[in-house]
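Working notes, structure below.
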Amino acid sequence: MAKAKFERTKPHVNIGTIGHVDHGKTSLTAAITIVLAKTGGAKATAYDQIDAAPEEKERGITISTAHVEYETKNRHYAHVDCPGHADYVKNMITGAAQMDGAILVVSAADGPMPQTREHILLAKQVGVPAMVVFLNKVDMVDDPDLLELVEMEVRELLSKYGFPGDEIPVIKGSALQALEGKPEGEKAINELMDAVDSYIPQPVRATDKPFLMPIEDVFSISGRGTVVTGRVESGIIKVGEEIEIVGLKDTQKTTCTGVEMFRKLLDEGQSGDNVGILLRGTKREEVERGQVLAKPGSIKPHDKFEAEVYVLSKEEGGRHTPFTNDYRPQFYFRTTDVTGTIKLPFDKQMVMPGDNATFTVELIKPIAMQEGLKFSIREGGRTVGAGVVTKINN
């Protein structure tokens with residue numbers, strides 16, 4: 001059987017459902033596929049198919065995630081749903097499932113709960129750009145004043161964590177009614193998808209971002225100069241363009257005099273390509289793995305930052321004991337490890353395996369970084385944590 005070719009006729013967006021346990025995230029995910037299947041925009045996927053999410057490994061961490069895909073009139077969506085709260089924390093911090101936007105599911109019968117707060121905070125920390133709210137289980141609430149109160153609470157909570165709480169669309173409905181095929185249930189799902197279509201912005205494609213390539217290897221080719229290899233993370237590099245070598249040492253300027261892929265010479269390399277880049281006048285010993293090639297001025301090296309981190313549990317192969325202030329592990333950014341010291345907030349004595357925490361890191365050498373950059377924490381060659389840079393401290 002030939003594999004169906006993925007037709008990319010519509011713009012693609014990655015989204016996910018977030019919210020408190022039992023507020024109906026998985027029911028909503030199933031309802032979206034079932035309602036959109038009626039117009040041919042999805043394959044109807046039952047609740048139990050989504051709930052039995054397969055385990056995946058991302059940077060040594062096991063995460064259960066269900067993926068469904070569907071399309072509206074305007075877009076193609078890849079949608080992630082996680083069965084457990086811990087899976088969300090890991091997913092958002094590792095970026096295993098990149099989210100361009102989220103659907104926050106809140107039960108109208110219960111209102112915002114602790115994980116509602118935690119997911120909103122995490123979404124802000126890891127840079128989820130926008131979200132839409134689905135107030136679920138409205139069929140269980142008879143009092144319209146109560147619905148209004150819950151909506152106000154959710155909007156206040158979103159504003160508190162830096163989202164535009166007053167303007168975020170809030171759709172009221174019942175995923176269960178939609179699953180049962182009731183017209184009011186389906187109407188709410190269609191309203192929700194219209195809101196997602198119009199309110200969640202189209203992500204900037206990787207090729208439209210400034211050029212950046214983490215250096216994996218460096219070679220010296222006699223008579224031609226120094227070649228660095230790696231996978232282009234974003235943007236496009238053209239032969240003849242000026243670039244900077246950033247991280248670990250002082251930033252150096254150089255020029256790309258050749259781009260090679262699979263032993264063929266190209267005019268340009270673009271995001272996703274594994275390329276060799278020839279650098280004019282750069283000596284082999286001036287460049288090393290762990291640095292990046294970048295568009296001049298687009299990224300700076302830093303050695304102090306704040307991070308949101310998930311610490312692996314003992315069962316996941318992490319530490320067996322908590323760590324305290326001044327813990328000095330290795331931080332693995334893109335292609336290299338750099339030693340750093342962890343500074344915990346004043347009110348935190350220690351971080352337990354299986355927890356997520358916010359703290360400051362001071363590296364012994366600067367790394368090219370921007371907010372949103374992912375990293376692993378390693379100790380003796382094994383991964384003990386995963387994190388994301390939330391703020392750079394100069």
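Each Cβ is built from the backbone N, Cα and C atoms, and glycine gets one as well.
Taken from Swiss-Prot as is:
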- 19-26, 81-85, 136-139: GTP binding site (BINDING)
- THR26: Mg(2+) binding site (BINDING)
- 10-204: domain 'tr-type G' (DOMAIN)
- 19-26: region 'G1' (REGION)
- 60-64: region 'G2' (REGION)
- 81-84: region 'G3' (REGION)
- 136-139: region 'G4' (REGION)
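Remote same-chain partners of the region 'G1' (19-26), defined as residues 6 or more beyond its termini with a Cβ less than 8 Å from a stretch Cβ, comprise 47, 50-51, 66, 81, 83-85, 104-107, 110, 112-116, 119, 136-137, 175-176.
For the pair formed by VAL138 (GTP binding site) and THR26 (Mg(2+) binding site), distance between Cα atoms is given as 16 Å, rounded to the nearest Å. There are 22 other CB atoms within 10 A of the CB of THR26 (Mg(2+) binding site), with all protein chains counted.
Ranked by Cβ neighbours within 10 A across all protein chains shown, the binding-site residues LYS25, HIS85 are led by LYS25. Here the CA atom of HIS85 (GTP binding site) lies 13 Å from the CA atom of THR26 (Mg(2+) binding site). For CYS82 (GTP binding site), the same-chain residues 6+ apart in sequence whose C-beta sits under 8 angstroms from its C-beta are GLY16, ALA53, ILE63, SER64, THR65, ALA66, TYR88, ASN91. For the recorded site, CYS82 (GTP binding site), the DSSP three-state label reads coil. Within 10 Å of the C-beta of VAL138 (GTP binding site) there are 22 other C-beta atoms, taking all protein chains into account.
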